[in-house]
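Have a look at the structure below before the remarks.
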Amino acid sequence: MNLALFSLFLGVAIVFAIVPTIIGGGYGDEDCGDLLGNDVYKDRCPEAEAIIYAGVRLAVFEDPRMAASLLRLHFHDCFVNGCDASVLLDDNDNFVGEKTAAPNLNSLRGFEVIDAIKQDLEIVCPQTVSCADILAVAARDSVVVSGGPSWDVQMGRKDSFTASKSLANNNIPGPNSTVATLVSKFQNVNLSLKDMVALSGAHTMGKARCTTFTARLQGSTNPNGPDSSLEYVQSLQRLCSESDGNTLANLDLATPATFDNQYYLNLLSGEGLLLSDQNLATGDDQTRELVETYAQDPSAFFEDFKDSMVKMGSLGAVTTMNGEIRRDCRSVN
């Protein structure tokens, strides 16, 4: 038994007191699987959420950056054929997986954390909890252990049989995206402009490589482009000047490991690390208004972020007929 599971059983009463319960609101019928149903694991694996929480808590304790990484895994999963754990699949003879797609290669991390959680779940309740549900709950718990809000996670997703590198390349927004491009990519998966601005607040945690924000190193050469803090841009230039491109910078300089609304304050002061982030404050009146609202009212940000996470987590739920519960998140059964 590994350390995460051992710690869980020692403090199971405390963990169950912390972890939110599964919500209702299911749809579909038995022939189509229990899509996002009520108390999906209540009888079959009542320890499921507590095990996931314990694994996330341990991983973030050992590496605070892991909170942002696990949150990002869920995001990148949901934007490609819905939240079906396709992002976790390794390449095989039938398809090239999503891990080597441009937005993911040498960028996504946390796979080993999901593996460890899955192994613990397989000990307690074999082939019961899907990898897609693990990703959704781990994303929530990453926010919680970083000081952010909690929300009830809908359950009942199944894991996909395949993945799509091409869709990962096409669907996931890039770090230099304009507001129009961001809105388009979110609308393509039925998420609104408001969802986009709220979910972008996830960049209040984590880091990015110099190669992802080279456009910011140039400052504001376009009079109609995003405003930049000269001091901030110069600090980025110094950081990346002798780098091979792999040097990391905090997405949020002030509170890089805390889930809060500092991200929006940074945008208003011209200190958004990614061009796509800074564009939210200067590239569109609607997004600017939301940035200002979230900067002034952290409660408004938290509420909208929770709502948008639930909405995103419901994208493309896989049914029993075209999905499964993987025994190993990296491969189909």
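Each Cβ is built from the backbone N, Cα and C atoms, and glycine gets one as well.
Pulled from TrEMBL:
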{"type": "DISULFID", "residues": "Cys45-Cys125", "note": "disulfide bond"}
{"type": "ACT_SITE", "residues": "His76", "note": "active site, proton acceptor"}
{"type": "BINDING", "residues": "Asp77, Val80, Gly82, Asp84, Ser86, Glu98", "note": "Ca(2+) 1 binding site"}
{"type": "DISULFID", "residues": "Cys78-Cys83", "note": "disulfide bond"}
{"type": "DISULFID", "residues": "Cys131-Cys329", "note": "disulfide bond"}
{"type": "BINDING", "residues": "Thr204, Asp252, Thr255, Asp260", "note": "Ca(2+) 2 binding site"}
{"type": "DISULFID", "residues": "Cys210-Cys240", "note": "disulfide bond"}
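Distribution of TrEMBL features across the structure.
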| residue | record | contacts (Cβ under 8 Å, 6+ apart) |
| --- | --- | --- |
| Asp77 | Ca(2+) 1 binding site | Cys83, Asp84, Ala85, Ser86, Val87, Leu88, Ala132, Leu135 |
| Val80 | Ca(2+) 1 binding site | Ser86, Val87, Glu98, Ala163, Ser164, Leu167, Ala168, Asn171, Ile172 |
| Gly82 | Ca(2+) 1 binding site | Leu315, Gly316, Ala317, Val318 |
| Cys125 | disulfide bond | Tyr41, Arg44, Cys45, Glu47, Ala48 |
| Cys131 | disulfide bond | Ala85, Leu88, Ile114, Lys118, Asp159, Arg326, Cys329 |
| Cys210 | disulfide bond | Leu217, Leu236, Leu239, Cys240, Ser243, Gly245, Asn246, Thr247, Leu248, Ala249 |
| Thr255 | Ca(2+) 2 binding site | Thr204, Gln262 |
Least surrounded among the binding-site residues, given as Asp84, Glu98, Asp252, Asp260, when other CB atoms within 10 Å are counted: Asp260
Cα separation, His76 (active site, proton acceptor) to Asp252 (Ca(2+) 2 binding site) (Å, whole number): 20
Length of the line joining the Cα atoms of Asp260 (Ca(2+) 2 binding site) and Cys78 (disulfide bond), in Å: 23
Residue among the disulfide-bonded residues Cys45, Cys329 whose Cβ has the most other Cβ atoms within 10 Å: Cys329
Chain-internal residues, separated by at least six, CB under 8 A from His76 (active site, proton acceptor): Val87, Glu98, Pro103, Asn104, Leu108, Ala168, Ile172
Least buried by Cβ count (within 10 Å) of the disulfide-bonded residues Cys78, Cys240: Cys240
Packing count at Cys83 (disulfide bond) (other Cβ atoms within 10 Å of its Cβ): 29
Other C-beta atoms that fall within 10 angstroms of the C-beta of Ser86 (Ca(2+) 1 binding site): 27
